[in-house]
Amino acid sequence: MSDVIAEHAVDTSVEGDAKAALPVQSTKQFSVYEATSEELIERSMAPIKKEFLCPPPPSRSVKQNDAADVRAPQSGLVQEKKSKRQLKRERREQSTINLCPQVARTEDVDSCQYKDKCRFNHDIEAFKAQKADDIEGQCPFVASGMKCAYGLSCRFLGSHRDITGNSDDKEKSEMNFFNKETQRLLWKNKMTFTNADAKLKSLGLLGHAKKSNAAEEITAEKTQNGMNGTQATEVAVDSAVSSEHTSEMIQDVDIPGPLETEEVRPMKKAKSEDQKNSKTGDVGGVYDGVKLEEETKKNGYPTSKANVEDEDSIKIVETDSSLKLHPREKKKLIDFRDKLYLAPLTTVGNLPFRRLCKVLGADVTCGEMAMCTNLLQGQASEWALLRRHSSEDLFGVQICGSYPDTVSRVVELIDRECTVDFIDINMGCPIDMVVNKSAGSALLNKPLRMKNIVEVSSSIVETPITIKVRTAFFEGKNRIDSLIADIGNWGATAVTIHGRSRQQRYSKSADWDYIYQCTKNATTNLQVIGNGDVYSYLDWNKHKSDCPELSSCMIARGALIKPWIFTEIKEQRHWDITSGERLNIMKDFVRFGLQHWGSDTKGVETTRHFLLEWLSYTFRYIPVGLLDVIPQQINWRPPSYFGRDDLETLMMSESAGDWVRISEMLLGKVPEGFTFAPKHKSNAYDRAENG
């Protein structure tokens with residue numbers, strides 16, 4: 001390359017010997033074999049000991065997802081996208097192959113209550129003939145002293161033995177199961193949210209739904225004399241359902257507009273019309289407490305208990321605002337100080353992984369983010385994210401919503417139906433699908449809506465409300481420091497600050513100096529938790545010593561890559577973990593997964609899927625014994641290297657095919673035509689020029 005540059009320089013020299021004699025700089029090719037540790041770190045490369053380095057493979061382009069190792073043979077035909085009806089038909093046909101769960105459990109074809117109408121197979125002999133081979137090892141239920149609930153369909157059937165345990169022990173070890181009656185009420189829009197709706201109405205946040213409420217009250221008044229009790233009740237119920245449904249539809253609509261718009265405010269013209277004709281009720285204007293009370297008395301509408309409580313609270317405010325109890329004064333106390341907090345992780349932060357982290361030393365756990373709209377629709381898959389294991393002694397759930405009404409109703413519903421220690425509202429999610437619905441980090445541009453969400457949610461339940469935010473929506477436009485002093489007054493118990501903006505994602509290191517600044521600006525009654533790039537006990541110690549006011553640190557990607565980070569922090573050491581110890585940790589995850597998702601074929605493959613999602617993070621771990629400089633930083637890109645044994649080398653592979661091979665060591669062979677592609681781009685590293 002330097003010869004080409006020199007030749008070009010000679011050919012273009014036209015100003016004499018002086019310019020032609022200028023030296024031509026040659027670019028020396030960088031080599032990881034010759035570079036010092038300092039030079040490697042400057043390039044954000046891991047300083048691995050020279051004896052463990054190896055030449056890179058011939059082609060790196062194939063390894064982007066390396067699904068070719070596990071995909072079915074490709075053909076030139078383009079696969080046609082299946083319709084929902086076709087997929088539903090295929091699922092129905094597949095269910096006829098699967099053995100009825102009740103028959104599998106009891107081994108009695110007459111035990112199924114649906115008899116011939118059951119959509120599952122009742123032919124035990126036919127099922128045994130086509131059932132896949134058993135997996136080596138012991139049934140996770142039998143190993144725990146329980147009776148396996150999957151019976152004949154268990155993939156570890158050969159290890160079953162007569163045991164006096166109860167197959168319902170799973171329900172004792174897990175809680176927050178979704179009640180079918182609750183689901184039915186949500187499906188039919190008959191669920192009541194007394195506290196949330198009363199608070200929303202007192203603050204004027206019900207919006208257009210108030211028109212329906214007023215119509216409901218007028219209808220009830222008119223029908224009292226013209227209908228008997230049963231007819232009046234039916235009309236009232238139908239009107240209430242219509243009102244709730246209308247409110248949900250209106251509040252869930254994402255109205256396009258500038259990001260600075262905080263709330264939809266009433267037109268002055270509409271307000272004047274309302275003043276002229278008060279009998280029509282509120283048409284979306286924001287009422288204060290006195291006006292609401294006067295309208296109720298003037299129109300003679302029936303006053304509920306919730307409205308009486310609202311009137312009392314309004315009178316207290318008018319008399320002396322200092323007498324009103326702050327929402328935090330009525331709440332249960334929760335202390336995050338110096339507790340190891342496992343972040344709520346989408347997809348990989350499932351119940352089995354949280355159990356694993358509890359074993360390894362985590363103190364606080366939180367469920368995966370659940371969308372408020374899906375919870376209000378009664379989606380069982382969304383409610384499954386709220387499930388809790390008995391070992392999670394300090395557990396919270398994380399929800400995400402766009403508007404005060406949907407969030408507050410979900411908060412009231414969770415407080416009523418689930419056992420949780422705190423409810424976290426995600427106001428920092430960067431995912432496009434969430435942001436486009438004005439939820440997650442989009443709320444950072446709408447501080448008034450943030451206030452309304454926190455204020456209403458914290459005032460209707462005794463369960464502590466926490467929020468999670470980022471520094472800002474746009475890079476370079478931090479704004480949490482200007483809101484942190486108010487967040488505590490809104491009623492939040494704690495706030496978690498991720499030291500990046502939504503625009504940054506993971507392109508730069510977390511800004512801990514800004515987190516410290518926000519922590520010092522916070523009120524004394526608000527606990528501040530820092531989040532971002534905690535990857536060793538030294539990181540934890542540094543953040544705690546640099547800012548003593550910081551309550552705790554939330555650990556996210558660090559726990560995914562090396563879940564034993566909790567052990568390292570508690571024991572204050574770098575754990576040079578062996579490949580055998582890492583395999584045992586994976587075995588624990590598989591055991592927890594089979595107990596949670598089931599030991600039948602469906603449960604095994606579900607466990608395999610989430611194991612592979614987790615392995616797409618763990619390969620980034622570099623063993624301590626292979627590094628020249630410790631501890632490893634989360635943004636270091638490793639050169640091509642090998643481990644101290646074959647298993648360690650396999651675990652550090654970025655090939656999806658190698659991850660599948662690890663899963664086969666724990667869960668047997670994959671089904672024919674098995675495919676896997678990671679959901680998250682976990683192999684992305686920060687670029688050196690981004691710091």
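Cβ coordinates are placed from backbone N, Cα and C, and glycine is handled just like the others.
Since we're looking at a predicted model, the values are computed, not measured.
In sequence order, Met369, Cys400, Val435, Ala439, Gly440, Ser441 make up the list of same-chain residues 6 or more apart from Cys429 (active site, proton donor) whose Cβ falls under 8 Å from its Cβ. As annotated by Swiss-Prot, active site, proton donor applies to Cys429.
What Swiss-Prot lists as FMN binding site is Pro344, Leu345, Thr346, Gln398, Lys468, His498, Asn531, Gly532, Asp533, Ala556, Arg557, and the listing cites similarity to another entry. All protein chains included, Pro344 (FMN binding site) registers 24 other Cβ atoms within 10 Å of its own Cβ.
The compositional bias 'Basic and acidic residues' annotation in Swiss-Prot covers 262-279.
Annotation source Swiss-Prot lists N-acetylserine at Ser2.
Per Swiss-Prot, region 'Disordered' is recorded for 55-94 (among others).
Per Swiss-Prot, region 'Disordered' is recorded for 259-286 (among others).
Confidence across the zinc finger (94-125), taken as the mean pLDDT and rounded to a whole number, stands at 80. What Swiss-Prot lists as zinc finger is 94-125 (among others).
Summarising the annotation, Swiss-Prot assigns zinc finger to 138-163 (among others) and lists sequence analysis as the type of evidence. Mapped onto DSSP helix, strand and coil, the zinc finger (138-163) counts 10 helix, 0 strand, 16 coil.
Across the binding-site residues listed here (Lys468, Arg557), the residue whose Cβ sits among the most other Cβ atoms within 10 Å is Lys468. Of all the binding-site residues listed here (Thr346, Asn531), it is Thr346 whose C-beta has the fewest other C-beta atoms within 10 angstroms. For Asp533 (FMN binding site), the same-chain residues 6+ apart in sequence whose C-beta sits under 8 angstroms from its C-beta are Gly499, Ser509, Ala510, Asp539, Arg557, Gly558, Gln633, Ile634, Asn635.
Taken residue by residue, the zinc finger (94-125) breaks down under DSSP into 18 helix, 2 strand, 12 coil. DSSP classifies Lys468 (FMN binding site) as strand under the three-state reduction.
A coil conformation is recorded for Pro344 (FMN binding site) in the three-state DSSP classification, outside any helix or strand. Residues listed for FMN, Pro344, Leu345, Thr346, Gln398, Lys468, His498, Asn531, Gly532, Asp533, Ala556, Arg557, cover a largest CA to CA span of 21 Å.
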